[in-house]
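Just below is one structure, and these are the notes that go with it.
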Amino acid sequence: MRKKTDLHSHGTSEKQIEGFVQVRGAREHNLKDVHLDIPRNALVVFTGISGSGKSSLAFGTLYAEAQRRYLESVSPYARRLFHQMSVPEVDSIEGLPPAIALQQQRGAPTTRSSVGSITTLSNSLRMLYSRAGNYPKGQDILYAESFSPNTPEGACPTCHGLGRVYEVTEQSMVPDDSKTIRERAIAAWPPAWHGQNLRDILTTLGYDIDIPWRDLPKKDRKWILFTEEQPVVPVYAGFTLDEVRHALKRKETPSYQGTFTSARKYVLDTFANTESPAMKKRVSQYMVGKECTLCQGKRLRPESLAVTFAGYDITELSRLPLKHLATLLHPYAQENTPDWDKLAAKNPEKAIVTQRIAEDLSNRLSVLLSLGLGYLTLERSTPTLSPGELQRLRLATQVHSNLFGVVYVLDEPSAGLHPADTQALLAALDRLKQAGNSLFVVEHALGVIRHADWIVDVGPEAGEHGGRILYSGPPQGLSEVAESHTRRYLFPDKEADIFAKQPSRSPQGWLQVAGVTRNNLDNLTAAFPLGVLTSVSGVSGSGKSSLVSQVLVELVSKALGQELVAEAEQGESIEHDTPATLGGRITAGMESIKRLVTVDQKPIGRTPRSNLATYTGLFDHVRKLFASTRAAKARHYDAGRFSFNVAKGRCGNCEGEGFVMVELLFLPSVYAPCPVCKGTRFNAKTLEI
């Protein structure tokens with residue numbers, strides 16, 4: 001590691017940087033016994049290529065140790081309620097203040113979480129309506145909880161605060177009415193034996209399951225799909241209608257007694273009661289949502305929606321863009337509305353409450369606007385936000401909190417942010433620093449790196465070839481570190497222009513779309529060149545993701561006849577989904593497209609056992625290779641024997657994890673290598689191959 005550059009030579013005085021966080025012997029992940037001094041009360045940016053060890057140092061070491069020390073001051077009982085990070089591999093850290101982490105991660109798992117809830121602006125807005133709203137004559141005052149769709153007091157009794165009601169229809173359950181019941185015309189019924197059982201029961205009940213669905217009498221179709229009756233009848237498995245009639249006449253012994261369940265009842269009961277995500281996902285495709293007729297999609301009780309402020313009910317106000325909401329509230333915060341004097345004279349208490357809540361909302365909204373988030377609405381659901389938007393929302397909350405003496409650890413706050421908005425982000429970071437806080441930022445954006453007071457460059461390469469501190473000091477000093485990849489971009493050599501223009505390719509065709517309508521896109525027409533790399537740009541919130549990640553994917557998928565399966569976030573289910581209308585059409589270019597592959601930012605692994613080799617299928621070949629050896633064949637070992645997810649080959653002590661958890665009461669759990677397999681994850685017999 002290069003020694004710290006002389007502070008005076010780069011315009012940063014010792015007076016500006018007061019004290020250091022001293023890290024000694026950091027060995028978390030790929031860090032190689034790192035010794036480092038990091039200044040406090042400064043903007044410190046951790047740089048280096050992906051996988052070099054930046055996050056291991058900033059989050060895995062500094063933040064994890066700060067959290068551990070903080071939790072030591074919390075009562076043992078309360079400590080158990082926190083999600084505690086593992087104890088970092090480090091000899092010592094001195095001079096470390098309390099830390100708050102703002103990481104690149106998804107928000108709450110359901111769409112009931114919104115911009116308003118994670119910024120707590122919705123709480124203030126509900127208080128504003130409760131204490132300062134205009135009530136209809138004779139209506140009693142409502143508490144703030146009555147303006148939340150997530151509480152029994154406020155949720156619409158019909159849709160339970162969802163804004164939509166879900167039902168099943170004949171068209172959704174029977175997509176092809178030319179099929180017979182025996183040919184599985186009722187797609188909503190279960191597959192395999194259970195579905196065959198229901199078809200056999202219909203035969204016993206006297207229904208002909210061998211004529212097209214459309215030819216059945218309407219009364220029969222309605223009973224089969226929607227009845228709540230559950231008759232128990234004898235079942236003659238595999239018999240035709242005539243054979244069943246003869247068997248009943250002769251009083252033959254049936255195969256068994258079966259209970260009939262209509263298609264609607266099966267779908268709704270399965271969705272409500274099953275614990276299988278796969279079963280829930282299957283039946284959800286037969287459910288159709290529509291806007292709740294009682295609340296008109298506003299999710300609240302009628303008495304809550306009857307209360308207004310500035311002519312809006314609370315849902316209408318929550319649907320305004322934040323910049324419009326700030327404009328609406330500003331006159332109330334300044335006591336400058338046309339009827340303010342009248343309000344103050346008639347109801348001074350209400351005037352005071354209105355002014356104070358409006359002022360608080362205005363101040364908090366101004367921070368969001370300065371971070372370029374004015375296009376969002378309070379009602380915007382969390383899962384639809386990008387990781388960068390989520391992190392900037394959390395950053396705005398911290399800017400408004402006015403904490404002092406805290407370390408903020410941020411993970412690429414510029415991610416997804418247009419360069420035009422970067423200056424606003426830097427201004428917010430400066431406000432936190434000027435308030436007496438320290439900022440440790442993991443970042444790749446050159447604009448943020450250049451703005452840093454101090455740079456910690458980690459590398460030189462990724463993985464085992466990284467984990468060393470190449471440089472720690474003011475930004476200008478990095479220009480002297482030859483092995484730094486960051487230096488090449490921060491201080492590019494004129495002789496070797498890394499930004500030299502590459503030869504461009506000519507389009508081999510054009511994919512043209514028209515009438516695109518989604519979110520803020522209104523009847524848009526666009527053309528995408530084929531056979532080339534295309535970048536879709538625009539400021540944050542301009543509609544890039546709506547166009548490319550949503551509409552374009554859906555239109556191409558539909559044109560190819562592919563089933564577009566959007567993986568729900570953990571905890572998501574159909575009752576939280578509001579289907580978006582497929583707005584737009586492809587006018588030309590589909591003849592050149594044979595396949596659609598969507599690559600997004602969602603985690604690829606579903607379980608902790610998932611790794612790069614298992615996800616890509618590489619490990620399948622490795623297992624087959626071991627199974628093909630002479631020793632494995634002699635022992636009759638198949639490929640499954642060499643999987644740490646299968647009991648016959650994995651270590652029985654750690655169940656293929658490679659480590660065991662040692663649970664310590666009131667302390668973070670400690671993970672240690674398995675004493676039986678020594679971390680290899682397999683049993684001794686398997687390892688002999």
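Placed from the backbone N, Cα and C atoms, the Cβ positions cover glycine too.
It should be emphasised that the depicted structure is a prediction, and the values quoted were computed from it without experimental measurement.
Per Swiss-Prot, the features are as follows:
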- 48-55, 538-545: ATP binding site (BINDING)
- 211-491: domain 'ABC transporter' (DOMAIN)
- 651-677: zinc finger (ZN_FING)
Winner by Cβ contact number (other Cβ atoms within 10 Å) across the binding-site residues K54, K544: K54
Candidate with the highest Cβ count within 10 Å, taken from the binding-site residues S50, S542: S542
G48, G538 as binding-site residues, winner by CB count within 10 A: G48
Largest tally of Cβ atoms lying within 10 Å of a Cβ, found at which of the binding-site residues S52, S540: S52
Averaged pLDDT, computed only over the residues in the zinc finger (651-677): 76
